[in-house]
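Everything on this sheet refers to the single structure shown next.
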């Protein structure tokens, strides 16, 4: 789950040494117990924000605990895959309503308007749950082995996990009895718990929900004020239109008026709801125009402002807490090295620490040539001594991507051939700008070919076959490009670049796909028609986006886009989890109601708008339906239709609560965050241009100006820039 902050091998660290460190190397180093190794472990903990608790590092069994911890982290990918599998199980699990004694079996998918994903049988579902439960138990309880029970149970998060695990086990036992036909099971809590475990064990998601929990009080206050506005406006509308056509046809009661005015607050039924009044008198439009202006452009934006202000306050607390934890951890590392309590470190001590940091998987490889640069970076006072405040900048300094010499390609094993005049000339050509211009030209020609081939495909023109062959030819040109780059730079250096990784995967899939297309029998439609390879070739056109980075007016927009994607992932993931909760609830409340045999279905707006496929009969359809409601596309159709099908007004509570949480709260939060983050990124881009225009000699002395940041560093840097004034106030209040 972790990755290097700095890719590549250092120039003096040995050409043949593996760039990627081994967990066993770190475990063995820490197990042998020097102060510098413990300090390096603490710095690593400060860098990634996770790892061994500080209390363990002071214990007598630190080495054993660290060894068990590293064994645990070796399976990070497996743990992540298991939590993903827990969520995926919801999509394939057979809904409980299908187990009722139905007139028509759930196997008739058309009858119930079900999706296309297959259902797991009871036995298959139980096996799936059993395997994921076993891995879940191991992941939750294994930390006891290196933390100890007392320290483990002291954590509120661990206690919550254990309690939820016991509830999940009980739910599975009850489900087994249900499969044995002991009784009918109307409700399962497992679908909700799977998503909860997913949230609790994905740190970014967990932090997002903690922020939302801190905002809840402020949000409820502003929602209460909005509710007062809605109640008063609805009462005014009910009284005002009592004796008009509007009152006799639409605003027939206060409850009905309140419902219609609430939907109008979201503009989903505008202007349909006030057409009767408009027919009576054109002047009646003033009432509704004023209501929409106040509701949509004032109250809603007021909610947006309050939500984001509260969000920033909670985010500042979270970022400040992480900074304080980072500082406390670095202080421990500092004290371990400063055994004489001098209050400072000299260059030799820092050098020994950096040598230990070279063994860590989440920290960069630092060469001897870089030690002096980093030491100068930290030594703000210029006294050749590093105090605690200067040492606190260590994680930032060592996280920089210093320019390094490339590691040796494997072809250096044949120096006579690799360094021959022809080879040197070829490699020089590949490194040059001309080669990149040729590739860009090929991409542009490929784009034209794709457009022509796609147009002919739409027209069912036989000339499409020729252009498909042309596209296949382009695929092999990319193979040649990849081979030349690997030959020139070496595979390790080639793999460092994210674009190269994307090209490598797509290119090899194209090669394998083209081969399969030509050798596959005609009966295998998917392989033999070659259509799917075209979409991979189109995906390669995404490389053209990089051209926008060379256009000054677009650079800030493109850079902001790529920075905002990882910044927004936790909040988009939060919305996804909310959708999962509501989807599970929707299946249990509304599952099976929409079916061909329901006589009340034809009179609903679901049937009238041809929305029958958007239902809550299975998990995939439910998620798509909730997405449609999320984007506010005729969302009142589902609310009113399910109210009519269930026969109870309590149905409104489901849809209104979803609107309040997902649309009015979370989507507003994302909109505000994007606006603020974009402005911060534009400021950073402007600052970077100013730095680039400074004295080049000074820039070469401070090598950080030529570095780049990893994704997590960019997000962290962006957040600190966005919250710089609030963080300053927070640090002044809590010195």
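Positions of Cβ are set from backbone N, Cα and C atoms, glycine also.
Taken from Swiss-Prot, the feature topological domain 'Cytoplasmic' covers 1-67, 147-161, 203-208, 308-431, 492-503, 550-560, 676-735, and the record attributes it to sequence analysis. The transmembrane segment annotation in Swiss-Prot covers 68-88, 126-146, 162-182, 184-202, 209-229, 287-307, 432-452, 471-491, 504-524, 532-549, 561-581, 655-675 and is backed by sequence analysis. Residues or ranges marked as topological domain 'Extracellular' by Swiss-Prot on the basis of sequence analysis: 89-125, 230-248, 264-286, 453-470, 525-531, 582-618, 634-654. Per Swiss-Prot, the feature intramembrane segment maps to 249-263, 619-633. Positions annotated as domain 'EF-hand 1' by Swiss-Prot: 325-360. For 366-401, the entry in Swiss-Prot reads domain 'EF-hand 2', with the evidence type sequence analysis. The N-linked glycosylation site annotation in Swiss-Prot covers 460 and is backed by sequence analysis.
For the topological domain 'Extracellular' (264-286), the DSSP counts in helix, strand and coil order read 16 helix, 0 strand, 7 coil.
Remote same-chain residues near the transmembrane segment (655-675) are listed as 212, 219, 223, 262, 266, 300, 303-305, 307-308, 311, 564, 567-568, 571-572, 574-575, 578-579, 582, 626, 629-630, 632, 635, 638-639, 642 (criterion: CB distance under 8 Å, separation of at least six residues from the stretch ends). Sorting the topological domain 'Cytoplasmic' (147-161) by DSSP state (H, G, I as helix; E, B as strand; all else coil) yields 13 helix, 0 strand, 2 coil. Averaged over the topological domain 'Cytoplasmic' (492-503), the predicted model has a pLDDT of 74. Within its own chain, the topological domain 'Extracellular' (634-654) has Cβ neighbours under 8 Å at 255, 259, 263, 266, 268-269, 582, 585-586, 589-590, 593-594, 598, 600-601, 603-606, 609, 611, 614, 625, 628, counting only residues six or more beyond its boundaries.
When each of the listed stretches 209-229, 432-452, 471-491, 561-581 is scored by C-beta pairs under 8 angstroms to the transmembrane segment (184-202), 561-581 comes out highest. Relative to the transmembrane segment (561-581), the listed stretch 209-229 leads the set 162-182, 209-229, 432-452, 471-491 in CB pairs under 8 A. Residue 460 (N-linked glycosylation site) counts 7 other C-beta atoms within 10 Å of its own C-beta, drawing on all protein chains shown. Outside the intramembrane segment (249-263), and at least 6 residues removed from its termini, the chain residues within Cβ reach (under 8 Å) are 230-231, 233-235, 237-238, 241-242, 269, 273-274, 276, 291, 636, 649, 652, 656. For the topological domain 'Extracellular' (230-248), residue counts in helix, strand and coil come to 15 helix, 0 strand, 4 coil, using DSSP.
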